[in-house]
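Q: Sharing the feature lines straight out of TrEMBL:
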type     : residues               : note
ACT_SITE : Glu104                 : active site, proton donor
BINDING  : Asn89, Met90, Glu91    : substrate binding site
BINDING  : His102, Cys129, Cys132 : Zn(2+) binding site
DOMAIN   : 48-168                 : domain 'CMP/dCMP-type deaminase'
DOMAIN   : 187-294                : domain 'CMP/dCMP-type deaminase'
Amino acid sequence: MHTRFHTAFRDLPATLQAALQPYLDTENFQGVLSAKQAEAIKQHCGLDDNALAFALLPLAAACALAAISNFHVGAIARGASGNLYFGSNMEFNGAPLQQTVHAEQSAVTHAWLRGESGLAAITVNYTPCGHCRQFMNELNSGLELEIHLPNREPATLGDYLPDAFGPKDLAIDSLLMDSVDHGFQLQLDDELAKAALAAANQSHAPYSNAHSGVALEAQDGQVFTGRYAENAAFNPSLPPLQAALVLMNMAGADCQQISRAVLAEPQNAPFSQWAATRATLEALGCLDIQRVAF
């Protein structure tokens, strides 16, 4: 079991500890419980979907990187598949606060990067801020997405975001978590650059068409990729680097142990992710950074 879970795990009920430990003890636990695993835990503990998600929140919050705020937020996204995806807030020393990731963004992005096709619900230990409500309105689940908070009745995203502005207001039909392949091609020999390009091909940027992807190589050789997730309101858009860092953090890897990074983006996009990507990676101690343009 990853050391970050130890304290939260000790505070869980004994029955839940017994049900979870076989999964948490695996070397490759990456903050995901499959639908089959979740069902086994529910049966063992007598929990329903919502109760299990609430019970898992302390473990998700234990994944937070909150060196600036010391405020640990956890989120659990339940996919249409029944899989459960952990998420947590992430802050990066030396980088502007605009580069932080909120727990809801983390859980949603985690599910997206793992191939989930849609979300049924998200459970979080603190009420979603306006930024996250707008971010989630980009999802193909729309305003019907269920939101679960401690000591509150379940509600929908539409309840938390009345009179919402979203993709439909801009005549956009392609939504976040829809399956896409943009078909960008480059002749590349570098496997990390190929991974970044593959991520860009699955990115969501219907407003600017500035599709982009990032691939990170950890010092132990693991590779983590992230895709740009654009938003109708622009500011809540999640850069591809942050998406890759979500995947890295959820896998239990150290975001300050990145040996190399590649950004793939269009040559003639209306803006570039390069400057912000490079600055944030440098703050994390990664200096071997490359850009490939298609």
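Keep in mind that glycine also has a Cβ here, set from the backbone N, Cα and C atoms.
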Q: Secondary structure at the residue listed as 'active site, proton donor' (DSSP, helix/strand/coil)?
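A: Assignment for the residue listed as 'active site, proton donor' reads helix.
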Q: Restricting to the recorded positions His102, Glu104, Cys132, which ones have a CA within 10 Å of the CA of Met90 (substrate binding site)?
A: His102
Q: If you run the three-state DSSP split on Asn89 (substrate binding site), which class comes out?
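A: The three-state answer is coil.
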Q: Using DSSP, how many residues of the domain 'CMP/dCMP-type deaminase' (187-294) fall into helix, strand and coil, respectively?
A: 31 helix, 27 strand, 50 coil
Q: Determine, for the substrate site, the additional residues of the same chain whose CB lies within 8 Å of the mean position of the CB atoms of Asn89, Met90, Glu91; present them in sequence order.
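A: Here the non-site neighbours turn out to be Ala64, Leu65, Ala66, Ile68, Ser69, Ser88, Phe92, Thr100, Val101, His102, Ala103, Ser106.
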Q: Could you name the residues, excluding His102, Cys129, Cys132, of the same chain that surround the Zn(2+) site, i.e. Cβ within 8 Å of the Cβ centre of those residues, in sequence order?
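A: For the Zn(2+) site the neighbour list reads Ala103, Glu104, Gln105, Pro128, Gly130, His131, Arg133, Phe135.
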Q: Where's the emptiest Cβ shell within 10 Å among the binding-site residues Met90, Cys129, Cys132?
A: Cys129
Q: Specify the nearest of the recorded positions His102, Glu104, Cys129 to Glu91 (substrate binding site), where nearness means the distance between Cα atoms.
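A: Closest candidate to Glu91 (substrate binding site), judged by Cα separation, is His102.
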Q: Across the domain 'CMP/dCMP-type deaminase' (48-168), what does the pLDDT come to on average, as a whole number?
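A: PLDDT averaged over the stretch: 98.
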Q: Please identify, from the recorded positions Glu91, Glu104, the residue with the sparsest Cβ neighbourhood, meaning fewest other Cβ atoms within 10 angstroms.
A: Glu91
Q: Hey, does DSSP put Cys132 (Zn(2+) binding site) in a helix, a strand, or just coil?
A: helix
